[in-house]
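Over in TrEMBL, the protein carries these features:
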DOMAIN    4-84  domain 'Gelsolin-like'
DOMAIN    125-197  domain 'Gelsolin-like'
DOMAIN    247-319  domain 'Gelsolin-like'
DOMAIN    386-465  domain 'Gelsolin-like'
DOMAIN    504-571  domain 'Gelsolin-like'
DOMAIN    607-683  domain 'Gelsolin-like'
Amino acid sequence: LQNMKMVPVPEKAYGTFFEGDCYIILHTKRTSRGSAVDLHYWIGKDSSQDEQGAAALYVTQLDNALRGNPVQHREVQGHESETFQSYFRNGIIYKKGGVASGFKHVETNIYNIKRLLHIKGKKHVSATEVAPSWDSFNKGDVFLLDLGKVLIQWNGPNCSIAEKSRGLALARSIRDSERGGRAQIGIIDNEKDSPDLMQIMKMVLGERRGELQDAIPDAKADELQKANVRLYHVYEKDDDLVVQEIATRPLTQDLLQHEDCYILDQGGFKIYVWRGKASSLEEKKAAFTRAVGFIQAKGYPSSTNIEVINDGAESAMFKQLFQRWTEKDETQGLGKVYTTGKIAKVEQVKFDTTQLHARPELAAEQRMVDDASGEIEVWRIEDLQMQPVNPKTYGQFYGGDCYLVLYTYLRSGRPHYVLYMWQGRHASVDEITACALNAIELDKKHGDEAVQVRVTMGKEPTHFLAIFKGKLVIYEGGTSRGQKSTPEPAIRLFQVRGTDEMNTKATEVPARASSLNSNDVFLLPTSQVCYLWCGKGCSGDEREMAKMVADIVSKRDKHTILEGQEPAEFWEALGGKAPYASEKRFQEQVTHYQPRLFECSNQTGRFIMTEVVGFCQEDLDEDDVMLLDTWEEIFLWVGKASNTYERNEAIASAKEYLKTHPAGRDLATPIILVKQGYEPLNFTGWFNAWDPYKW
């Protein structure tokens, strides 16, 4: 903003901000549903109140001009949102002064410069101009001494590799955008090895007296704080602003009424304002002022992030904070299509597994590593040791046991491994722990290359179903060991779901009539026959698969009966007739979920996650543990050089993430451990243009 007017910033200067000014950023991105628009206004720490007010006003006007589609953000210098930082891949540079005092954004080929930049951050980099003196330095960050024709990058002794390389990327971008490429870059990684460069630094900054100060840790919100979401109704009453708390987590979408405006407070880490479609113009205009008022009333720092959201154009981050979020066009179509009395089926789309290698994004979407044609080995945990399971019984899992399943497949001629840890619902804590420990040992035997997947009984992932080729049977209790401690139940009932070898499993359910469901096929083995009960809503494919499974659970004659034509013996075996589910089954409508990538750090005993918006393979650094959340599963990516503590804590971090997730996530979501250099297709497919040879 210049003299209260909006003046375009030259593209060369994108990412450079004067501390005395305010800026407006418009960002548009194509998505599957059209385009996503974000509007940010950025406040420099030395900007005037008038300019800040003008910036907020312009954003409101732009929002109107764009018909209320943009998500609006208020950004304060040094506290920018993860979305904002994602626009400037090379980092953000803060310059002293402002346009009003005669500074220009792009002054190429000006060499009489002397400034010291303090570079911070690993995933999100920023450079702030500081006083050119040794007192500004510390041991943990990168500093850049800019002398016009020479740029000297000084790396603190406690810097990570990632911080050094991000620092260099920033130095290069200054050289190329501000000096037309005509400047030398020198790097001091260890002062003893660079006497000439140190000589220049001493000439400019003087001799250094005393010790350098220690690194300053970043103050960041931890996950527990972010999980503390509260929803407030905001309205005016006799010229007073009334803020009334209406709910805490888990929040549901129906709390948001179209006539009103709401404030959602995410643990003081971020404030969202949601503006209902039918709320008054005055209310809509006052969104930012109200949010700022709310921040003051709560005693939060004035730098707190604010995001203003319009009804119907919510951002992915906002939807995340609710237990379930349905887009309106998803639900409307459903109720009308079906006439009553018929049972609707959710058709499973067949997909061609031969395409997985050519199209990794398909592997990710279908959650398949390969076409499931590899080799399987199965062990049961017995007396805390691994006991091989008889291959004849592969696919049969008992709820009282834990199992390890090693799946081996070839990719470009060499073996790759997936190691599943299946945990029975009734297994002891000792067995579950032993299962994890044995998995680590088994992984070591295979050169630490296996992808480890934690599977909770009843939540088996797609690929796990596929490798057992339709012969997966899950028994509620008991064990597959030789000596059975408890007698097997006389009557068992199994629910079979699936249409082909890739997606079928049979699960034991309580042997009562109330367990039946018109959408499925059930198997009821008795001492005389094995009944195949076919609900009205099941398809021919499902019946065929059930026949295959029936041979596993019973050696007796098979007797197919249709719903409504059951013999008396059938009901007797189940202890008499009873009402059961016969409504049509709708697929859960989960909004098309945008995968999210986070850097995990557990260094300080507090669990902190930094989101990387618009992520790519470059964001995976060797010294990181990263978490990729695709909703149906959680991937942990472990870099080669990550520290042992964070590596060992990774699974605990993932569980913590699910536990503190504002949307009240299913704690049985599969957690998949992936090592750098051994990424499976269903992981790499979430990244655009993955380069398998990068490392």
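Glycine is treated like the rest: Cβ placed from N, Cα and C.
Any TrEMBL annotation is an automated prediction that lacks curation.
If you count C-beta pairs under 8 angstroms between the domain 'Gelsolin-like' (125-197) and each of 4-84, 247-319, 386-465, 504-571, the highest count goes to 4-84. Contact between the domain 'Gelsolin-like' (386-465) and the domain 'Gelsolin-like' (4-84) is absent: fewer than three CB pairs lie under 8 Å, with pairs separated by 6 or more positions in sequence.
Taking H, G and I as helix, E and B as strand and the rest as coil, DSSP gives the domain 'Gelsolin-like' (247-319) the counts 24 helix, 21 strand, 28 coil. Contacts between the domain 'Gelsolin-like' (247-319) and the domain 'Gelsolin-like' (504-571): absent, as fewer than 3 C-beta pairs lie under 8 angstroms at sequence separation of six or more. Confidence across the domain 'Gelsolin-like' (4-84), taken as the mean pLDDT and rounded to a whole number, stands at 87.
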